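Quick notes on the structure that follows.
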């Protein structure tokens with residue numbers, strides 16, 4: 001598809017994703033406050049993820065990122081809503097990368113908690129105060145690694161300036177160079193003889209990114225598998241326990257699939273395609289498309305799977321529907337009475 005068509009799709013996903021993320025996470029925060037008493041410390045982790053998801057959606061809507069892969073180079077381009085300096089634009093792009101990395105890391109922490117709760121309950125004390133404060137500190141390390149690499153190892157050069165200008169002029173005619181900031185992941189360059197060589201500085205940064213992403217995925221997969229394995233061992237439990245285990249299993253499967261489909265797989269393509277000189281061009285924007293939708297999907301799964309949350313939401317809408325029907329019937333009866341008196 002053309003770059004202009006992808007811009008339309010990405011901007012639509014931005015509106016839909018932001019609206020869904022804001023509404024679903026506000027509902028989840030309300031449910032956590034009023035129906036989350038039995039979740040223990042996990043509700044604080046869920047609340048943090050909900051607040052972060054809303055914040056992340058706001059950052060995405062402000063920076064309006066697009067992605068492009070061409071000539072063994074991956075471009076992360078942010079469309080400016082305001083006029084600011086090139087350096088501030090670079091900082092903003094690195095900050096977006098930090099938020100992007102945080103979504104990976106926090107998802108991994110979710111699975112660690114679920115693993116502790118199912119397999120190592122004695123370790124759950126690590127999610128209580130004061131140990132709870134160590135988790136944000138630990139999570140900040142890979143996040144800062146990702147952001148620092150994005151800022152320091154991918155400088156703007158004459159080559160990247162010419163390359164991003166060519167990309168905009170060729171694929172995104174409605175975007176002017178002065179209205180964007182960018183980070184260019186250059187995998188290969190050419191010497192004065194036209195011989196291609198690996199650009200080690202940028203490749204090192206890509207390795208750091210890929211390591212952080214792979215580490216969180218491995219944690220998520222191992223914790224998910226061990227949790228699933230533990231659940232299967234409790235088949236002889238009571239009907240009520242089996243029902244609860246079934247709910248948790250569904251949540252576990254969906255919470256594994258959603259990040260894999262909307263985060264890990266697209267980001268894996270983002271790093272691998274340039275290495276093999278696969279020119280996705282504007283089609284790389286499917287990564288942005290997925291990232292806009294993900295923050296609203298994960299909490300929606302929790303609302304639909306956790307019975308107390310689901311029943312509360314359904315009762316709310318059913319009650320509103322019932323009240324609407326009753327009001328309509330009352331209005332109809334009143335009108336009929338007026339007609340009868342005349």
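Every residue gets a Cβ built from N, Cα and C, even glycine.
The annotation topological domain 'Extracellular' is assigned in Swiss-Prot to 1-11 (among others) on the grounds of sequence analysis. Using a Cβ-Cβ cut-off under 8 Å and counting only residues 6 or more beyond its ends in the same chain, the topological domain 'Extracellular' (1-11) has close neighbours at 64, 66, 68, 170-175, 281-283, 285, 288-289, 292.
Residues or ranges marked as transmembrane segment in Swiss-Prot (evidence: sequence analysis): 12-32 (among others).
Residues or ranges marked as topological domain 'Cytoplasmic' by Swiss-Prot: 33-38 (among others). Per-residue pLDDT, averaged over the topological domain 'Cytoplasmic' (33-38), rounds to 77.
Swiss-Prot lists 39-59 (among others) with the feature transmembrane segment, giving sequence analysis as the kind of evidence. Sequence-distant contacts of the transmembrane segment (39-59) (same chain, six or more residues past either end, CB-CB distance under 8 Å): 17-18, 21-22, 25-26, 28-29, 32, 95-96, 99, 102-103, 106, 109-110, 113, 117, 124, 127-128, 132, 292, 295-296, 298-299, 302.
Helix, strand and coil counts from DSSP across the topological domain 'Extracellular' (60-92) read 11 helix, 13 strand, 9 coil. Taken from Swiss-Prot, the feature topological domain 'Extracellular' applies to 60-92 (among others), supported by sequence analysis.
Sequence annotations record features per position, and here Swiss-Prot assigns N-linked glycosylation site to 71 (among others) based on sequence analysis.
What Swiss-Prot lists as N-linked glycosylation site is 83 (among others). Non-local contacts of residue 83 (N-linked glycosylation site) by the CB criterion (under 8 A, 6+ apart in sequence, same chain) are absent.
Beyond its flanks by at least six residues, the transmembrane segment (93-113) meets 41-42, 45, 48-49, 52, 55-56, 59-60, 63, 65, 76, 78, 124, 127, 135, 139, 142-144, 146-148, 150-151, 181-183, 212-213, 215-217, 219-220, 223-224, 227, 255, 259, 263-264, 291, 294-295, 298 of its own chain at Cβ-Cβ distances under 8 Å. Residues or ranges marked as transmembrane segment in Swiss-Prot: 93-113 (among others).
The topological domain 'Cytoplasmic' annotation in Swiss-Prot covers 114-131 (among others), and the record cites sequence analysis as its basis. Per DSSP, the topological domain 'Cytoplasmic' (114-131) is made up of 14 helix, 0 strand, 4 coil.
Swiss-Prot lists 132-152 (among others) with the feature transmembrane segment, giving sequence analysis as the kind of evidence.
The annotation topological domain 'Extracellular' is assigned in Swiss-Prot to 153-202 (among others).
Mapped onto three states, the DSSP output places residue 179 (N-linked glycosylation site) in helix. Taken from Swiss-Prot, the feature N-linked glycosylation site covers 179 (among others).
Per Swiss-Prot, transmembrane segment is recorded for 203-223 (among others).
The feature topological domain 'Cytoplasmic' is assigned by Swiss-Prot to 224-257 (among others), with sequence analysis given as support.
According to Swiss-Prot, the feature transmembrane segment maps to 258-278 (among others).
Per Swiss-Prot, topological domain 'Extracellular' is recorded for 279-285 (among others), and the stated evidence type is sequence analysis.
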Write out the long-range same-chain contacts of residue 71 (N-linked glycosylation site), meaning residues 6 or more apart in sequence whose Cβ is under 8 Å from its Cβ.
-> 163, 277, 279
When you measure from the Cβ of residue 179 (N-linked glycosylation site), which residues in the chain that are at least 6 apart have a Cβ under 8 Å away?
-> 79, 80
So, by DSSP, how many helix, strand and coil residues make up the topological domain 'Extracellular' (279-285)?
-> 4 helix, 1 strand, 2 coil
Contacting positions for the transmembrane segment (286-306) when only residues 6+ beyond its ends and CB under 8 Å are counted | 9-10, 13-14, 16-18, 20-21, 23-25, 27-28, 31, 46, 49-50, 53-54, 56-57, 60, 65-67, 100, 103, 107, 247, 250-251, 254-255, 258-259, 261-263, 266-267, 269-270, 313
Summarise the topological domain 'Extracellular' (1-11) by DSSP state, stating how many residues are helix, strand and coil.
-> 9 helix, 0 strand, 2 coil
